[in-house]
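Trainee: Feature list, courtesy of Swiss-Prot:
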{"type": "SIGNAL", "residues": "1-19", "note": "signal peptide"}
{"type": "DISULFID", "residues": "38-98", "note": "disulfide bond"}
{"type": "DISULFID", "residues": "54-143", "note": "disulfide bond"}
{"type": "BINDING", "residues": "55, 57, 59, 76", "note": "Ca(2+) binding site"}
{"type": "DISULFID", "residues": "56-72", "note": "disulfide bond"}
{"type": "DISULFID", "residues": "71-125", "note": "disulfide bond"}
{"type": "ACT_SITE", "residues": "75", "note": "active site"}
{"type": "DISULFID", "residues": "78-118", "note": "disulfide bond"}
{"type": "DISULFID", "residues": "87-111", "note": "disulfide bond"}
{"type": "DISULFID", "residues": "105-116", "note": "disulfide bond"}
{"type": "ACT_SITE", "residues": "119", "note": "active site"}
């Protein structure tokens, strides 16, 4: 084997070892992303919702800043109810379809049904709520 091939093989092995320490993105978030794109007709990238207001993104506190932020708080609360019922919303996969920009759940029972309902309701809410650029990446220390 050529020395260059050995270096490439070594680099691949080392990078794979390092990648094992990176936590995977929860599986359900891929579905939620697709639901959001279904409902908003792809008009706004999902990352715009990841750091918006006091509730859109990781965690949340205080009073929502507007209708879109209220959608995120409702979604957080919905996931909280699902967790109280023994579900793991960020890891629960479910069956759904997009018909004429309306996400519809096909899952019929248990955690799949409740988590899908949380995501579908939020995706529809996001699509209907106005997006205010001033509320993107706000200082969340003001969220009281």
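Cβ atoms are placed via backbone N, Cα and C, with glycine included.
The shown structure was predicted, so the numbers you read here are calculated from the model rather than taken from an experiment.
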Trainee: Roughly how many Å lie between the Cα atoms of residue 105 (disulfide bond) and residue 143 (disulfide bond), rounded to a whole value?
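Mentor: With the alpha carbons as reference points, the distance is 33 Å.
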Trainee: Across all protein chains in the structure, which of the binding-site residues 57, 59 has the highest Cβ count within 10 Å?
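Mentor: The most densely surrounded of these binding-site residues is 57.
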Trainee: Compute the centroid of the Cβ atoms of 55, 57, 59, 76, then list the same-chain residues not in that set whose Cβ lies within 8 Å of it, in sequence order, for the Ca(2+) site.
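Mentor: In sequence order, the nearby non-listed residues are 54, 56, 58, 60, 72, 73.
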Trainee: What is the nearest of the recorded positions 59, 87, 111, 119 to residue 78 (disulfide bond), using the Cα of each?
Mentor: 119
Trainee: Among all the protein chains here, how many other CB atoms are within 10 A of the CB of residue 54 (disulfide bond)?
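Mentor: Taking every protein chain into account, the count is 23.
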